[in-house]
2 protein chains.
Amino acid sequence: MDEIREEIENQTTQLADLVANQRLVEFKEAFLELHSYEQAQIYYDLAPETRHVVIGILTDDELAEVFDALEEEPAAISELLEEMSPRHATHILNKMFTDNVADILGEMDADEVATYLSLMPKDDANELRQLIEYDDETAGALLATEYLAIDPNYTVGEAMQYVKKEANEAETIFYLYVVDEAEQLVGVVSLRDLLTHPDALPITEITNTRVIAAHPADDQEDVAMTMRDYDFMALPVTDHANHMIGIITIDDIVDVIDEEAASDYSGLAGVDVEIVDISPLAAAKKRLPWLIALLFLGMSTASLISHYEALVSQAAILAVFISLITGTAGNAGTQSLAVAVRKIALNEENPLWKVILTEITIGLLIGVITGVTIFLIVGFWKANWFLGLAIGISMMAAITVANLAGSLIPMGMNKIGVDPAVASGPFISTLSDLTSVLIYFSIAQIFLSNFVNQH
Amino acid sequence: MDEIREEIENQTTQLADLVANQRLVEFKEAFLELHSYEQAQIYYDLAPETRHVVIGILTDDELAEVFDALEEEPAAISELLEEMSPRHATHILNKMFTDNVADILGEMDADEVATYLSLMPKDDANELRQLIEYDDETAGALLATEYLAIDPNYTVGEAMQYVKKEANEAETIFYLYVVDEAEQLVGVVSLRDLLTHPDALPITEITNTRVIAAHPADDQEDVAMTMRDYDFMALPVTDHANHMIGIITIDDIVDVIDEEAASDYSGLAGVDVEIVDISPLAAAKKRLPWLIALLFLGMSTASLISHYEALVSQAAILAVFISLITGTAGNAGTQSLAVAVRKIALNEENPLWKVILTEITIGLLIGVITGVTIFLIVGFWKANWFLGLAIGISMMAAITVANLAGSLIPMGMNKIGVDPAVASGPFISTLSDLTSVLIYFSIAQIFLSNFVNQH
């Protein structure tokens, strides 16, 4: 389906040519035939001068649709708005869906926001003021207020008339929310049920009163998982007194799932992978903080080995296995970290004692098998079974500890309210280097007499 | 929103009690009030004996809805089907959506599939036979054949009548596909447009003929990205002669995005994190293959160091910095790997020479800063600036190489058709241990006279 992207690029060039040649009628016709996603991509890719002409020939409704479909960062969209007069931009904002407007205003300076809001009708401005307040990554930040609300006294026919009248304004027409005079949500009617029941039937007969609703403070990931499980196209958001506030639609949830996935992946890698198209300097800047922080953690491992320098000069063979033991333990720790982070994300949390017991068991199982393997390899290779034993035992212990750390650290972070997904594989590897080296040299010391330098 | 999960657990107990006490009428009433996702969860959690009773009191339609909502692995669902007679199970399968049926049959033995298909109407069986053939993770594997198809000669009113009649059978009612006598897809009408236009209008007036369709062999990730970008609720699937085959709905795409994310995350961690609730033994079995494979790769690093044993016994201080250099280079390699995998997923591929140039630049930038940092630390700490210089240069070179490897390996895998997401962080770390050690000891040898053992 890559052709689609290529097509958009070709169309951008063609459409820009039409504008350049002042063939504006043709341009407008061709542009409006496109899907709003394509319109948005093209609008964004045009040169500012061309965009200036386009702004002049599209209606406010048409421009609002383009702006609703822009997938860029809110900051980039707000720059596009600044290409228009504040009054014009406000007209566009007024015709956009409130969730998108709130995202954009949320990234602006306070005085810019004040300008736009002062130019809006008072009610709209107040509504937006409230939406901007919701924290990022919550249900509140995702909600739009363009939903279909009907009276509990309606009949199916009346509800249908209402849908027909409002269809073009609503974010979704698949659900109608039944709201009483106190603005409390009493139930949901699906458009499917509306279509398959006779006009005279009271709406109450097909209202589902067992409604699953989100609250504005709910974590967006929880909302996403509920909508995924229930296959909902939209979810109502209510306050704690059950007043209807807005809806969250599935297209926003698709973006949330994508975002959360990229952020978990970034966390595990210890680098933000979400912005890929940047200069080497910017890329280096993004990667350095973790690397330098871990360099200092790595220094503790170095200074620990430094304590054992005398031991190493007596038995240089010990140096041979440092990276093997720290590496393998680090790998096991990374695996256990990833599993733990996933478990937390899926709410599959077990009591602490059970996690510790399980992870020690897994660690010992992996450790014993890996330990025996390396015992045999080293025993045969160096023809020294004591050395093999020292390496094997160290490996086993180091893996068990790394495994436990990989599980407990994200759990602990989650307990104190830090997103466990930021605990990266590199962090666990570097931390487990320290414990592995400590374990290795402590055990090696016991067996020392068996592998002092033979030269 | 965790309460939902708790509620389901409570309801399961309550509903099982009703069955146990033979209060079947009450059970049925309470069960059918639930959302089909909840019904499915409860059905799955019941004891087999209880389920046996439940199968007897639900109609085929009701059971089909439960089975359509089961989120378990296809193999688990097929076990549930085996609790019924083959004839009963076939009736259920016949009433389910074809995409779900194809998933389940796809996991069965050939003779089981043959049994079920032989009990079905011939047309349905043939359709399913074709659906089973599609490869996993393609558009074909996701498609359902329950879509709304209308004639190009319809009016809006006729189309509306058709929607009302078929609404309960279709997977989605939001789009109507306009299909001509040759079964070719000529356009799409949205339910929203249908609702907002007069009955007498010919359907052609509101048909969008510029349709984006997937082909059965398209990768499910490409389909998902297109549906995400365009905010589609469903996407038609056509063959190469533009014959309509089926549709893919957004709820399946949500699952695809989730699955692909978990699989990328698993790849980076070197462990499958998708199945979390398993015994320690099973968990150890899942983690060991990578660990043991990497242990052997780690052995090459050990044997390389072994070549330098004489060097280490002359200058034990060299052992102190092994884990610092291998660790930091491994961390940098993991970061660069993750960025590269993400770039490939986003189709942001650049020509090879450009990637090499960019990554060498990033590697050098990171390497120089990290190298200078460690040069200063070691210089001051050990009061030996030559040692600092050796460590600093080694660090810089090792990071640059690891960085380049982290980018080129996934690109190479992608070129030869292997999913680059399986290249794990642990693999890159372990591989870069080898190159780092080689670089470190080669450079250390040059500076050897400056840090031979002082005792």
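Each residue, glycine too, has its Cβ placed from N, Cα and C.
Bear in mind that TrEMBL entries carry predicted annotations, made automatically and left uncurated.
Copied over from TrEMBL:
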DOMAIN    A:143-205  domain 'CBS'
DOMAIN    A:206-263  domain 'CBS'
TRANSMEM  A:288-305  transmembrane segment
TRANSMEM  A:311-334  transmembrane segment
TRANSMEM  A:355-379  transmembrane segment
TRANSMEM  A:385-406  transmembrane segment
TRANSMEM  A:427-448  transmembrane segment
DSSP-wise, what's the residue breakdown of the domain 'CBS' (A:143-205) into helix, strand and coil?
19 helix, 18 strand, 26 coil
Stretch among A:311-334, A:355-379, A:385-406, A:427-448 sharing the most Cβ pairs under 8 Å with the transmembrane segment (A:288-305):
A:427-448
Please identify the stretch among A:311-334, A:355-379, A:385-406 with the greatest number of Cβ pairs below 8 Å relative to the transmembrane segment (A:427-448).
A:311-334
By a Cβ-Cβ criterion of under 8 Å, what residues six or more beyond either terminus of the transmembrane segment (A:311-334) are in contact with it?
268, 301, 305, 363, 366-367, 370, 374, 378, 382, 387, 391, 394-395, 398-399, 401-403, 405-406, 425, 428-433, 435-437, 440-441, 444-445, 448, 451-453
Which residues of the same chain, at least 6 past either end of the transmembrane segment (A:355-379), have a Cβ under 8 Å from a Cβ in it?
321, 324, 328, 332, 336, 340, 385, 387-389, 391-393, 395-404, 406-408, 411
DSSP-derived helix, strand and coil totals, residue by residue, for the domain 'CBS' (A:206-263):
26 helix, 15 strand, 17 coil
The domain 'CBS' (A:143-205): mean pLDDT?
94
